[in-house]
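*Asks:* One structure is given below, represented as structure tokens, and several questions about it will come after.
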Amino acid sequence: MSLSAAARELSESDFQDIGPAPKPPPVAYNQTKPLVNYMSQMDLGAKSGGKMRAVQRKKSGWVSYKDDGLLSFLWQKRYMVLNDNYLSLYKGDSGREDAVVQIPLTSIVSVSRNQLKQNCFEVVRSSDRSGAPAAGAGGDSSKKSVFIATKTELDLHTWLDSIFSKCPLLSGVSSPTNFTHKVHVGFDPETGSFVGMPFNWEKLLKHSRITGEDWNNNSAAVIQVLQFYQEYNNGTATPTAQAAAQAAGAPGRPPMLTLSSNSSQASMQQIASTPPYSGGEMIPQRKAPTPPKPVVTSGSAIPSAKGGPNVGVTTSPSVHHQNTQHGKQQSPTQSGPPKSLPPLHRDEEGPTAPLGNSVSSVATKESPTERLLNNLSETSLMQKQLPAKPVAPPSSVGPVAPPLRLQPQRVAPGRPAQPGPHAPDTRPGGPNAMKQQHGPPAAASGQLGPDSKKPEGAPGHPTAVAKKKKAGRPTMSNAEIMTRLAAVTFNTDPSPFFQMIEKAGQGASGSVYLAQRLKIPPYDENSGVSQHELNDNIGDKVAIKQMILSKQPRKELIVNEILVMKDSQHKNIVNFLEAYLKTEDDLWVVMEYMEGGSLTDVIENSIGSDASESPMTEPQIAYIVRETCQGLKFLHDKHIIHRDIKSDNVLLDTHGRVKITDFGFCAKLTDKRSKRATMVGTPYWMAPEVVKQREYDEKVDVWSLGIMTIEMLEGEPPYLNEEPLKALYLIATNGTPKLKHPELLSLEIKRFLSVCLCVDVRYRASTEELLHHSFFETSCEPEELANLLKWKK
């Protein structure tokens, strides 16, 4: 029956007898409460639900948990509960305690599997209240990760499904795992730019003057120098950059890096001519090369390179990267183009301030100093185990590793503008190129001619050396360091023993002074220094380096270097005199004073107006190189590599004596470590095997000696006017550098250079062989060096 039909059947009498109204309900019956009292429970962002509520629990169970905070290294067992609003972690399953971690489901932006641990997944949450992912560069900083590991694979998938179904920002599809991303790295001749390069590498290449032709000739070498530059400049290369390096045949790099620049180098030069000091260096740092004149090329700045090689790259996401930074980064004062290159160094040992002096001498018995040095090296140095090679087992001396000096310490002479449409010829095989020695040099010819062989490391034949991961050794405690330091120093205030004449400079770790000895310190029975070790006279001038130990990142290496220098006495090595521990934080190191200054100063002040004229005569060069070679032979006989031979580290005095200084880069070769593979030194003097990060031995010093010879001939080392990145590339690809004016040189010096600068280490001469070379027969007398020091008067 319809409603209208039912209404027609009702009459007016049906509503006359209404009856009494029902009683109202009691007050307790009305349980309605204002809605505002429950608004906080409806807010998903508010921290409610501190206690577990059985009615809200959707899934729970025991898991292992760690976050990216202070305890990121520790996995903790927690009881995890997932409800409609939160993902919560508790210490127990009782339900009575507060949550240790409570993540609103609205803030979870990503959930994905992770290889950090077995059956592990990562929950990424946004710190933004709205939960929306942050845009721009700051997006990563507003996100935090929580890593959760379950007992079984089944539990892992169950938790992933449950979390995905509850999080409003997730689409229900997890992020991909174990994926690869293939990119192509190459050079586009139409646009004149590199394709597929990481952004930071692309920026470096843009200002490095590495051209598309360089890339086509040897892409692996370009990748190698980019990888070196990137890692030593910024700490760690990006995953894409690492993959690009692997695709181009460059050796893989370990993630742990050691960076430092707060070193102090004591060069015993005449103080009156010393420029102001800057940064952490204790000698004036050579300024960057002056930028070359702009070169006009025909059509394009990049040579046409059609069909340039494209390198297939497979990138894989990196799970964990770690950078270890020692000291603060300091940039040298410079005005040239490479101002983005701070003095950095990576080595398996930590950084220290070089004391700038000699290294240990040969002894028939193991002295107490050597015995202490052996114990120090075993406990304080972090070394890589390389394949053993039988050598005479010497006393173990650990290397001392200050920061890598990527800039030389002198201003490069200005070059005239090069007219014409062609760029400077920096490729091997130029008209004046020295013959690149890949085999034994021919003694009959000895001429330095054009290259006849393909440069080592050509594309398609990468010869990367696989490196073992370094094993970290425990460092000494501060108490142990101070105990060992007290054993090799005078534990007294040296102020009454010296008169400070002049301050040479100020660095991050201390100061260098020119001083005059007033008296010999009294014998101290509590000191490990004997009275007969003091070989200086009253009234002599000395160089004193005051070091602040608290500013040294690796104090044990300072102890190691002092021990090395104490055992060094050679006529061609700057001698260590004594050391004083004034306080627990104030160390004074007294060294021999060389009034003639560095060879760099001599070269700079001997350059004439004629660019083709050598700053020094060949007899003078032969004498200086011979004296330096004698000092190197002394070190090499003790299986010690200097690793930073250059004009800055060779000092002269007014009597014509020549001495090597700055042993901050020295390394000891032992029966277990017959070769090294770390890149240290100054790039312009580096041997090709060092730039390519291959294993090397004492012959890297012979290469540097040859470069220093060219430095005395031409006023500067090869490639000094190039950007450091381009210089590294040219060293790696050209090998033996070319001479500017080979027609002006004698046959003897060209033969000498050919055996020093032989790319194949097997045929490169040793210091013993060099000392018998006919070039040294032309050496002048020491008195003839006096003309080189006239500028100091």
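Positions of Cβ are set from backbone N, Cα and C atoms, glycine also.
From Swiss-Prot, for reference:
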| type | residues | note |
| --- | --- | --- |
| REGION | 8-27 | region 'Disordered' |
| DOMAIN | 56-168 | domain 'PH' |
| DOMAIN | 173-186 | domain 'CRIB' |
| REGION | 243-369 | region 'Disordered' |
| COMPBIAS | 258-276 | compositional bias 'Polar residues' |
| COMPBIAS | 312-337 | compositional bias 'Polar residues' |
| COMPBIAS | 355-369 | compositional bias 'Polar residues' |
| REGION | 383-476 | region 'Disordered' |
| DOMAIN | 498-776 | domain 'Protein kinase' |
| BINDING | Ala504, Gly505, Gln506, Gly507, Ala508, Ser509, Gly510, Ser511, Val512, Lys545 | ATP binding site |
| ACT_SITE | Asp644 | active site, proton acceptor |
*Asks:* Please report the Cα separation of Val512 (ATP binding site) and Asp644 (active site, proton acceptor) in Å, rounded to an integer.
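*Replies:* Approximately 21 Å lies between the Cα of Val512 (ATP binding site) and that of Asp644 (active site, proton acceptor).
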*Asks:* Ala504 (ATP binding site) has how many other Cβ neighbours within 10 Å of its own Cβ?
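*Replies:* Total other Cβ atoms inside 10 Å, all chains included: 24.
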*Asks:* Any idea what the Cα distance is from Ala504 (ATP binding site) over to Asp644 (active site, proton acceptor), rounded to a whole Å?
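*Replies:* So the Cα of Asp644 (active site, proton acceptor) lies 22 Å away from that of Ala504 (ATP binding site).
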*Asks:* Please spell out the DSSP helix, strand and coil residue counts for the domain 'PH' (56-168).
*Replies:* 23 helix, 46 strand, 44 coil
*Asks:* Taking the Cβ of Gly510 (ATP binding site) as centre, how many other Cβ atoms lie within 10 Å?
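*Replies:* Around Gly510 (ATP binding site), other Cβ atoms within 10 Å: 25.
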*Asks:* Cα of Asp644 (active site, proton acceptor) to Cα of Gly510 (ATP binding site): how many Å, rounded?
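*Replies:* Counting only the Cα atoms, the answer is 22 Å.
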*Asks:* So for Asp644 (active site, proton acceptor), how many other CB atoms are inside 10 Å of its CB?
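*Replies:* There are 27 such Cβ atoms around Asp644 (active site, proton acceptor).
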